[in-house]
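Engineer: Got a structure for you, written out below as structure tokens; questions coming shortly.
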2 protein chains.
Amino acid sequence: MPPSKILVTQGGGPTAVINQSMVGVVLEARRQAGVSAVYGARHGVRGILNEDFVDLAQETSHNLELVAQTPSSALGSTRDKPDAAYCHKIFQVLQAHGITHFFNIGGNDSSDSTRIISEEAAAANYPLRCIHIPKTIDNDLVLNDHTPGFASAARFVAQAFAGANLDNAALPGVYVGVVMGRHAGFLTAASALGKKFPDDGPHLIYLPERVFELERFLADVKTMFDRHGRCVIAVSEGIHDASGQPIAAQLAKDLERDAHGNVQLSGNGALADLLCEEIKSRLGIKRVRGDTFGYLQRSFIGCVSDVDQREAREVGEKAVQFAFHGAGGRSSGSVAIKRTGTYSVDYELLPLADVAGKTRVMEDEFISPCGTHVTDAFRLYLRPLLGSGMPDAFRLRPNAVPKILNRG
Amino acid sequence: MPPSKILVTQGGGPTAVINQSMVGVVLEARRQAGVSAVYGARHGVRGILNEDFVDLAQETSHNLELVAQTPSSALGSTRDKPDAAYCHKIFQVLQAHGITHFFNIGGNDSSDSTRIISEEAAAANYPLRCIHIPKTIDNDLVLNDHTPGFASAARFVAQAFAGANLDNAALPGVYVGVVMGRHAGFLTAASALGKKFPDDGPHLIYLPERVFELERFLADVKTMFDRHGRCVIAVSEGIHDASGQPIAAQLAKDLERDAHGNVQLSGNGALADLLCEEIKSRLGIKRVRGDTFGYLQRSFIGCVSDVDQREAREVGEKAVQFAFHGAGGRSSGSVAIKRTGTYSVDYELLPLADVAGKTRVMEDEFISPCGTHVTDAFRLYLRPLLGSGMPDAFRLRPNAVPKILNRG
């Protein structure tokens with residue numbers, strides 16, 4: 001058998017644990033007999049196009065372990081979404097370098113380009129094994145219990161809302177936190193795990209799985225504000241009206257701003273600011289504050305789930321094991337996480353076509369009937385993923401001192 | 001001697017460690033002989049006005065220790081800035097309840113109201129000891145080496161920029177992070193502690209201590225982007241032009257928006273979004289992203305400096321010790337942190353008038369001559385405050401693989 005040559009890439013938005021998967025591939029590949037090269041491509045598939053490879057056989061195990069614990073993509077990433085022509089060029093480079101095993105760590109787009117490259121190789125009768133390794137903070141890959149990277153981002157969101165709730169309790173008002181997730185609300189829903197006491201926020205959660213109606217939103221906020229004297233709200237950046245139009249675009253239009261010009265409607269603070277303005281002007285509430293979690297939620301260093309780290313490492317390691325020792329005779333595929341207990345997981349290799357380019361959204365059983373909160377099923381689903389050492393919030397108990405002056 | 005009655009309040013913006021100070025007061029007060037009551041007022045000075053007191057002598061030590069580790073103000077806070085009439089009413093309530101010792105945890109405004117209340121009591125010949133306990137993430141209290149709450153917020157900012165830098169390196173472009181601090185740039189400057197390798201961001205830091213010029217800013221960004229292929233920028237929300245006008249107001253005006261109407265210029269994402277639009281339109285850079293750290297930086301649960309926790313506890317404890325055992329015969333005062341070694345601190349009780357209502361800004365020795373970064377003196381000043389267990393970032397070492405096709 002000719003020696004094997006390994007190539008690993010990282011694509012799409014970085015996560016806190018994507019380097020665990022890369023290091024899982026590298027260390028496991030270096031253990032395999034007959035491996036003559038372990039390369040990484042710089043900045044994902046673009047790095048393949050440019051033949052921009054780094055020799056990972058020359059990296060120390062010690063540094064690899066430290067890189068594994070560092071968030072974001074150590075090889076660099078890309079937003080390129082390869083079409084068939086792009087994939088063909090990529091395949092030519094893989095062929096020139098004699099790559100036998102291609103490991104692509106990424107989300108939906110990456111799974112799809114892995115599939116196309118795999119098909120290119122088959123058509124050319126070139127023996128290339130293509131393994132997609134799951135990664136996305138959006139948790140929107142089908143047939144996976146969850147995806148590496150989601151748990152750490154979810155932990156950030158839960159901790160952020162736990163803190164925002166305490167802040168809002170100290171200085172009451174309305175707080176709007178906008179969370180990433182265009183189509184799937186998992187990350188926004190994670191805000192519910194920041195709630196401890198019955199009157200804690202988030203009091204309302206708006207997900208892209210449900211149609212957003214401004215009038216109902218304002219009524220919901222008023223109800224909660226009247227009940228608690230304050231209101232903490234989690235909003236997905238992907239909320240939209242019944243026609244599918246993003247709410248940010250709709251509000252910007254209502255305010256007679258140029259929605260197509262300078263004002264970008266995502267990746268900035270527009271949605272939070274626009275919702276806050278509606279609450280202020282329509283409900284007459286004075287103290288209204290909005291935060292857009294932006295890049296903090298996926299890149300913050302020092303807020304990571306140990307469960308997420310372990311599983312991200314394992315999907316990388318398993319990818320190599322599947323590639324070298326087969327998985328039901330499948331030569332290519334997508335590694336998927338299956339939940340086998342409370343809490344334990346195992347991994348399997350699915351056909352690329354079963355995962356590629358498909359989007360999972362939150363299951364109905366995870367969303368409360370009112371549509372503005374999550375169910376216990378979701379809490380039970382998410383809690384073990386957040387890992388150990390979750391910070392907890394405590395309160396003083398009420399022991400009121402009788403009034404003397406009582407001037408009210 | 002008649003029994004002593006203690007009242008403690010928390011004012012202004014919450015911090016991650018303000019409850020440490022409250023608990024420091026309560027536990028130390030409960031240890032003092034002759035103390036018959038330990039009260040807390042709900043929502044700061046407003047709670048005094050409303051006689052909204054909680055009996056902290058009935059709280060368990062165990063729960064107090066857990067509350068101490070919980071961020072935000074467990075007693076609630078207020079933004080009320082008492083004038084002389086308000087302070088007079090407060091004094092009447094303190095007198096009615098026979099309060100002998102008043103401990104007010106807060107920033108500049110709190111130190112000033114403590115001073116006024118102390119003077120009211122003296123004028124009325126009422127024996128009230130008034131102690132101001134320092135707290136502010138802005139680090140802008142004079143005569144303090146630093147203030148409790150700053151270190152934990154600074155740690156959040158440093159960790160956030162360490163992560164944002166890694167994200168920006170993986171997907172290159174321009175990143176703008178807007179940090180709290182209207183007058184003092186300490187918290188924005190803390191972003192520099194997220195930098196490890198020479199080409200890491202933040203590449204540029206804009207502080208309210210220096211005049212902000214848009215043209216120079218754009219030129220700076222262009223220089224860094226040309227040099228690194230990317231640029232990470234830390235911006236204080238308080239940046240202003242030579243006339244003192246906030247930059248957000250100036251940019252909003254340039255864009256012909258209503259700066260006095262619906263668009264609020266702070267506490268939202270406007271400044272980051274406006275700066276990003278300038279960079280995109282003027283420099284033609286495509287990938288430009290802005291985050292406004294907002295409330296996350298002061299309320300996030302699970303990102304705290306152990307040094308900050310310890311000192312916040314100690315200023316509360318020392319406040320009671322100063323009040324009961326005197327400090328150079330001073331009956332009232334403001335507790336201040338003094339640095340005595342690398343790294344160690346001690347505390348002293350300063351006259352209230354020396355601290356009250358004064359604002360410290362960053363010393364010139366902390367700002368680099370170019371005005372857009374910090375000096376080593378600042379790094380040495382800040383590093384010990386961030387505490388133990390700061391996460392670290394690691395890179396793959398460059399080991400390029402020779403090209404074969406070389407079509408690049």
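Even glycines carry a Cβ here, placed using N, Cα and C.
TrEMBL labels come from automatic prediction, so no person has curated them.
TrEMBL lists B:Asp138 with the feature active site, proton acceptor. For B:Gly13, the entry in TrEMBL reads diphosphate binding site. As annotated by TrEMBL, Mg(2+) binding site applies to B:Asn108. Marked as substrate binding site by TrEMBL: B:Thr136, B:Ile137, B:Asp138, B:Met180, B:Gly181, B:Arg182, B:Glu237, B:Tyr295, B:Leu296, B:Gln297, B:Arg298. The feature domain 'Phosphofructokinase' is assigned by TrEMBL to B:5-322. Look at TrEMBL and you will find B:Asp109 tagged as site 'Important for catalytic activity and substrate specificity'. Here TrEMBL flags B:Lys135 as site 'Important for catalytic activity'.
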Engineer: Would you mind giving the whole-number mean pLDDT across the domain 'Phosphofructokinase' (B:5-322)?
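Structural biologist: Result for the domain 'Phosphofructokinase' (B:5-322): average pLDDT 93.
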Engineer: Identify which of the recorded positions B:Lys135, B:Arg298 has its Cβ surrounded by the largest number of other Cβ atoms within 10 Å, counting every protein chain shown.
Structural biologist: B:Lys135
Engineer: Which of the recorded positions B:Gly13, B:Asn108, B:Asp109, B:Lys135 has its Cα nearest to the Cα of B:Leu296 (substrate binding site)?
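Structural biologist: That would be B:Gly13, the closest of B:Gly13, B:Asn108, B:Asp109, B:Lys135 to B:Leu296 (substrate binding site).
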Engineer: Spatial neighbours of B:Arg298 (substrate binding site) among the recorded positions B:Asn108, B:Asp109, B:Lys135, defined as Cα within 10 A: which are they?
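Structural biologist: Taking B:Asn108, B:Asp109, B:Lys135 one by one, none has a Cα falling within 10 Å of B:Arg298 (substrate binding site).
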Engineer: Under 8 Å Cβ-Cβ to chain A, which of the recorded positions B:Asp138, B:Leu296, B:Arg298?
Structural biologist: B:Leu296, B:Arg298
Engineer: What is the total of other Cβ atoms whose distance to the Cβ of B:Asp109 (site 'Important for catalytic activity and substrate specificity') is within 10 Å?
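Structural biologist: The answer is 20.
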Engineer: Can you tell me whether DSSP puts B:Asp138 (active site, proton acceptor) in helix, strand or coil?
Structural biologist: coil
Engineer: List the recorded positions among B:Gly13, B:Lys135, B:Thr136, B:Gly181, B:Glu237 whose C-alpha is within 10 Å of the C-alpha of the residue listed as 'Mg(2+) binding site', in sequence order, or say none.
Structural biologist: B:Lys135, B:Thr136
Engineer: Hey, how far is B:Thr136 (substrate binding site) from B:Asp109 (site 'Important for catalytic activity and substrate specificity'), Cα to Cα, in Å?
Structural biologist: 11
Engineer: Just to verify a number: CA distance, the residue listed as 'active site, proton acceptor' to B:Glu237 (substrate binding site), in angstrom, no decimals.
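Structural biologist: Given the Cα positions, the residue listed as 'active site, proton acceptor' is 12 Å from B:Glu237 (substrate binding site).
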Engineer: Please report how many Å separate the Cα atom of B:Asp109 (site 'Important for catalytic activity and substrate specificity') from that of B:Glu237 (substrate binding site), as a whole number.
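Structural biologist: If we compare the Cα positions of B:Asp109 (site 'Important for catalytic activity and substrate specificity') and B:Glu237 (substrate binding site), the gap is 20 Å.
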Engineer: Looking only at B:Gly13, B:Gly181, which of these binding-site residues has the biggest number of Cβ atoms within 10 Å around its Cβ?
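Structural biologist: The residue with the densest Cβ neighbourhood is B:Gly181.
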Engineer: Around B:Asn108 (Mg(2+) binding site), how many other C-beta atoms are within 10 angstroms of its C-beta?
Structural biologist: 22
Engineer: I need the nearest neighbour of B:Lys135 (site 'Important for catalytic activity') among the binding-site residues B:Gly13, B:Gly181, B:Glu237, using C-alpha distances.
Structural biologist: B:Gly13
Engineer: Tell me the Cβ neighbour count for B:Glu237 (substrate binding site), meaning other Cβ atoms within 10 Å of its Cβ, over all protein chains shown.
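Structural biologist: Taking every protein chain into account, the count is 25.
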Engineer: Given the substrate binding site residues B:Thr136, B:Ile137, B:Asp138, B:Met180, B:Gly181, B:Arg182, B:Glu237, B:Tyr295, B:Leu296, B:Gln297, B:Arg298 in the record, what is the largest Cα to Cα distance, rounded to whole Å?
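Structural biologist: Between the outermost Cα atoms of B:Thr136, B:Ile137, B:Asp138, B:Met180, B:Gly181, B:Arg182, B:Glu237, B:Tyr295, B:Leu296, B:Gln297, B:Arg298, the distance is 17 Å.
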